[in-house]
Amino acid sequence: MLEAVHATVRGRPRTPQRIKLVSKHRKLAPQTTPNPRLVRSRGDAAQVPCTRLPLTDGLRSLGGTRRGCEEQLVGGGGGGEGELVSSWEERSRGGVPAGTGGGFTMAIRKKSTKSPPVLSHEFILQNHADIVSCVAMVFLLGLIFEVTAKASIIFVTLQYNVTLPATEEQATESAFLYYYGIKDLATVFFYMLVAIIIHAIIQEYVLDKINRRMHFSKTKHSKFNESGQLSAFYLFSCIWGTFILISENYISDPTILWRAYPHNLMTFQMKFFYIAQLAYWFHAFPELYFQKTKKEDIPRQLVYIGLYLFHIAGAYLLNLNHLGLVLLVLHYFVEFLFHISRLFYFSDEKYQKGFSLWAVLFVLGRLLTLILSVLTVGFGLARAENQKLDFSTGNFNVLAVRIAVLASICITQAFMMWKFINFQLRRWREHSTFQAPTVKKKPTVTKGRSSRKGTENGVNGTVTSNGADSPRKRKEKSS
C-alpha cells in the first residue's frame, strides 16, 4: 500500500530501487529543525531546497528525513527526481489542497473543542436546564431516605391539608381540603424549577426546530419564542381552570363567588392551580437572564410579570380564590387568542383576521372583568353579615380591603385599555402612512412616463404642450 501511494504522487513508475530506498528509511526519526539542502533537478539549472518539516506518521514512512529525501532524489531512477521535493514544498506552503494529488496532507487541522469554564456566564446559559433538573432531582431523591423525607416533602407535595368528616350528602367519602401557609413558598420554589425545565424542553424541541425552518429575523425570533411559550401556558391554564369551574359548579351557580366567604379552605385542584400559577410567573424572572432578554425589553417584562404576581397572590392571600379563578380563565383565553394569532402571523403575514377577533374579545373581556369584580366585591361581599377583620379565620371583608381590591382591578383594566388603544392607533397610523404614498405616486408616475413617451416617440405626429422642453429642440440648441 505504501509503495502504491508513493508511486502515484506524480504518476511515476515503481522501480525496485525506489521501493528499496523507501523501505530502508521508513522508520527514521524526523528532524526537528529545518535543514535546507540544495539539489539539482533533472533538466533544470535551478536549485530546489529540500526542506525538512515536521511530518505525520504516514509521511515518515515515505522517508521524511534529510538523508531519505536526498537518497530518493539521487537514486530514484527514471529522471524527474526533484518533483517529489517540489510537491512537498507546495503542500507545506498550502499550494495544493488537502486530499489532492498525493493522497495525503502535510498538516492536520485541529478541531476547536473548547468548552466554556464551569459556572461561567456561557456555561450557565447553555446548561441551565440540566443544572436546574439536577437541583430538582435532589428534592425527589430526598423522598427515598427517611432522614430527609420530612424536609423534601415540604417542597414536593401540598401542605396544610384538613380532612373533613363525611356528611349526609357525602356519606361514603371524606373531603380533603387545604389552606395556605408559609410552607407554600417551598412548594412554589420547587415547581418554579419544574417550570424552568418545561420551558427549556418546549424551547429546544419545538420552538427552535420551527425557527430553523422559518429563518426569522432577530426581532421576530424573540417575539416568536415569547408567543410560543405563553400560548402553551395559557392554553394549559385555560383547560385546567375550566375543568375546576365545571367540577365545582361555578358556572351553574354564580353566587358561589361571594357566598360563604371567607373561602379559606380549598380543594386540591384549586390550591395546586394557584401554586402552579405563582411558580410559573416567578420562573419568568430567571428566564430573563437565561433567554438573554434585551435591556430595552426588561422594564416591560418586569411590569408584565409583576402585575400577574400581584393579582394572583392577592386573590390567594385574601381568600378570593373563586373570583380570581374566574378572572384568570377569562383573561388567559383572550391572551391565548392574541399569541396564537401572532404565531400564525409570523408564519404567513396574510393571517391577520385573528387580531381583529382578539381586539373585540379584549374589550369584552375587560368589561366582563369589571362587571364580575363589582358584582362580587361591591355588592356580594358588601351585603355579607360578617364584616370584621379576622386574621385567624381569614376574613378580610372590610370596607378598606374592598375598596383596595376594586381600585387595583379597575386601575389595571384601565392601564390595559390605554395600552390597547395606543397599540391600535399606532397600527392604524402605520397602515395609513403605508398606503397614502402609494396612492399619490401612481398617477404622477404614469403621467410623467406617458408624456415622455409622447415627446420622444412623436405620438400621432403631434407636438405636446411641453414642446419647448422636447428632446429635439435641446439637440438644436446644443448644436
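Every residue number used here counts from 1 along the chain in the order it is shown.
Note: Cβ is positioned from N, Cα and C throughout, glycine not excepted.
Bear in mind that TrEMBL entries carry predicted annotations, made automatically and left uncurated.
What TrEMBL says about this protein:
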type: TRANSMEM; residues: 131-156; note: transmembrane segment
type: TRANSMEM; residues: 188-207; note: transmembrane segment
type: DOMAIN; residues: 222-431; note: domain 'TLC'
type: TRANSMEM; residues: 228-252; note: transmembrane segment
type: TRANSMEM; residues: 272-290; note: transmembrane segment
type: TRANSMEM; residues: 302-319; note: transmembrane segment
type: TRANSMEM; residues: 325-345; note: transmembrane segment
type: TRANSMEM; residues: 357-379; note: transmembrane segment
type: TRANSMEM; residues: 399-421; note: transmembrane segment
type: REGION; residues: 436-479; note: region 'Disordered'
type: COMPBIAS; residues: 439-452; note: compositional bias 'Basic residues'
type: COMPBIAS; residues: 457-468; note: compositional bias 'Polar residues'
Inset, instruction - Please indicate, using numbers and ranges, the residues of the same chain that are 6 or more beyond the transmembrane segment (302-319) and have a C-beta under 8 Å from a C-beta there. - result: 180, 261-264, 274, 277-278, 281-282, 284-285, 325, 327-328, 394-396, 401, 405, 408-409, 412
Legend entry - Annotated stretches the transmembrane segment (228-252) and the transmembrane segment (325-345) touching (3 or more Cβ pairs under 8 Å): yes
Legend entry - Long-range environment of the transmembrane segment (399-421) - Cβ separation under 8 angstroms, sequence gap at least 6: 307, 310-311, 314, 318, 320, 359, 362-363, 366, 369-370, 373-374, 377-378, 381-382, 387, 389
Inset, instruction - May I ask for the residues of the chain that lie six or more residues beyond the transmembrane segment (357-379) and have a Cβ under 8 Å from a Cβ within it? - result: 257-258, 320, 323, 326-327, 330-331, 333-334, 337-338, 341, 402, 405-406, 409-410, 413, 416-417, 420, 424
Legend entry - Other parts of the chain folded back onto the transmembrane segment (325-345), taken as Cβ under 8 Å at six or more residues beyond its ends: 223-224, 226-228, 230-231, 234-235, 237-238, 241-242, 244-245, 250, 257, 270, 273, 277, 311-312, 315, 351-352, 354-355, 357-358, 361-362, 365, 368-369, 372-373
Inset, instruction - Take the transmembrane segment (272-290) and find every residue of the same chain, 6 or more past its ends, with a Cβ under 8 Å from one of its Cβ atoms. - result: 125, 128, 158, 184, 187-196, 199, 233, 237, 240-241, 244, 266, 298, 301, 305, 308-309, 312-313, 315-316, 321, 324-325, 328
Legend entry - Averaged pLDDT score, the domain 'TLC' (222-431): 92
